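*Asks:* Below are the features listed in TrEMBL for this protein:
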type	residues	note
DOMAIN	37-83	domain 'F-box'
REPEAT	425-467	repeat 'ARM'
REPEAT	466-508	repeat 'ARM'
REPEAT	555-586	repeat 'ARM'
REPEAT	601-643	repeat 'ARM'
REPEAT	642-687	repeat 'ARM'
REPEAT	686-728	repeat 'ARM'
């Protein structure tokens, strides 16, 4: 057969021009490289409808709005045979607008009582399947009206949460109005009486599948009258009279599958039920009485599915050919070329009840099931995730998300269970579900991925399989539930430093910020979770310098400040404050610190959050203010916004709080006290006493921030006297002696040096102020105690042999050895003002040899090459005339050896920096 070649014709003016055709090249696809304008409106109708089937309802609506032709195709009956209203806020107005499309609707899923009330407005009289969840508030009246309006109903499922307001009256109405009913599954009914069940037996002759799950009371005798029933589940139902069950249910002529999971059924009853000729499978998961009876075993050829049996083997026994691998029984069944209708019904029912019971067991998380989950539970959930039943897939994914969690509050998961999911290929399965157009599957798959990603190995596998891009895309979803779970996944993945860059590259930062803006006017519980997770993910990402810049570029500062100002939920406030704290933590490398301070209402909001009743919020708000106070403008703006008063009050209130809150409260006061005006305000506001109390903490991080704040405060003579009055000298002496932190000991020594270098003496004669009540203070005793401690502190950094060698030769090697032994690495992060450097230079002339040594030791720390602010300090020292004073101190005959050696090292540091500066010029 020869190929037929169509020649291409192009129009040139009014004439036709025949273009050459090269079929060989066309076969290779080169024609696809040409730029061709495609008229999508000319696609065949069948193609467009097929395109619609791949989209969710929201995208179908968007596509329908593009042109008149597609609007007509968008309401084609074949596209509206099933409808999932769960992701949408559905009221009577919404359903009325959909009514014209739903004339031929066959299957409906909804969520909540409001949606249930609105279903009637759909006018889908031919509806065959209804499935609802979050049905606690659905009443008898609503359910009865739904039944009355849908006489063709064949399947009704409400659960898995409890239907607390539904009674037997509604079940009777269902029986009378829906004679074609084949499947009825209800959860959490208080009482299912005999009259209701007998009505089902009388009117619903085709009723083959009954589930009264997690009910309080069910009439066992009446259930024995429903002769049509093939599949019966009373899982989780209490107050069952098992003697009556054994007497009446065993006689049901068509009973094929029975589920008594999570009940107190006893082995005797199951043995009696096993005599049923029609019964093929018994499901009894998590039945304590069975598990305690080691003598109980399956008999009479019935398949028993229990936690202590091999469930895969039990399922395989239902098949004639059981030669294949038992673990693959679900996939083998789905791929059978020759279908068996009866077997398919059994397996579909088993998928449903197994997914339901496994999820319930995972939610209750009973002890002693580790072996079950690792040996077969995880594999069962993964197999069920591949079901053709969407609700089974969703529950299996939710089960995976749930069974790995040990402690929800602290986001702790079982590493063994998580890795069992990963080992069995669960990550790829979940990511494939997350790619589905069905938003219910997207949401549950994203939830499972999020929880599993708490495990670092799973997080790595998710990233390697492209999960970050998938989650970033889902975070852009218009479905709030999907976006929320995707944000949770990005939050957990962003904990790993190695994933932060990948999240930014995938557009995850912008997706998270857009999520906040998209629903910023909402306030329901779903939005709270979404905001908390988005803010938490942004907080983690903001800890990275490059990602923090990306957060700012895409509007993250405004979004986070908006949450901090407007949202009243503590989880959102905490994460928003933490994100702002991390954004402000890169003061030397980017401008985010200043940007946060410039954002309208940011500082005021953070100050207000320090008064929150929730400790986590107070802690993160104080941490943010601490970081922001490193910027000069922010520091003064925080004070103007009432930050001094708020933080002093916070320091007063947190004596018994967590070390994290104590550290940040003291740290924020330390940051504000860099300004002398703020320092004076803190003293007057009563900030000295709580800082002294915090300095007695058992945590060395708190020691550092409290000592730093007291050091800054002590620069002012009035504050120095307040510290003495409040008993701060013994506290600082204790800190300088025993703290495990060198930095805390160092700053405590400097605070004591400020207090007793002579400037406070004149102030002490007139008291702190006319408003204060002066306490009886012995300055002489306090001075002796302080100087003794300062001397001991400095001596801990002086080795006699090393100092003797340095004094004898002053060789660079000897001085370097002293420097290394005296160096406090963290001190290189301290930044002093010109006044502070000038004070230490002046202290070198102090009559006290101890203070001279302390001043030289401090200047050594501030000028060591490589220190973050060493060049800044050297410049200040040059301006203060320090070289001349240092040379005098190094040569003074009556100065202590430590002061001389430290002064020589400082001079050497100054020369080093000067040489470097000259070489650069």
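For all residues, glycine too, the Cβ spot is worked out from N, Cα and C.
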*Asks:* Using DSSP, break the domain 'F-box' (37-83) down into helix, strand and coil residues and give each count.
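*Replies:* Reading the DSSP string over the domain 'F-box' (37-83) gives 31 helix, 2 strand, 14 coil.
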*Asks:* What does the DSSP secondary structure composition of the repeat 'ARM' (642-687) look like, as residue counts for helix, strand and coil?
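*Replies:* Once the DSSP states are binned, the repeat 'ARM' (642-687) shows 34 helix, 0 strand, 12 coil.
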*Asks:* For the repeat 'ARM' (425-467), give me same-chain residues lying six or more residues beyond its boundaries with a C-beta closer than 8 angstroms to one of its C-beta atoms, as numbers and ranges.
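*Replies:* Residues 54-56, 84, 86-87, 109, 378, 382, 385-386, 390, 393-395, 397-398, 400-402, 404-405, 411-413, 415, 418-419, 474, 477, 479, 481-482, 484-486, 488-489, 491-493, 495-496, 498-499, 502 contact the repeat 'ARM' (425-467) from elsewhere in the chain.
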*Asks:* Which bits of the chain, at least 6 residues beyond where the repeat 'ARM' (555-586) starts or stops, bring a Cβ under 8 A of a Cβ in it?
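*Replies:* Result: 509, 512-513, 516-517, 520, 528, 531-532, 535-536, 538-540, 542-543, 545, 548, 592-593, 595-597, 599-602, 604-606, 609, 612, 614, 616-617, 619-621, 623-624, 626-628, 630-631.
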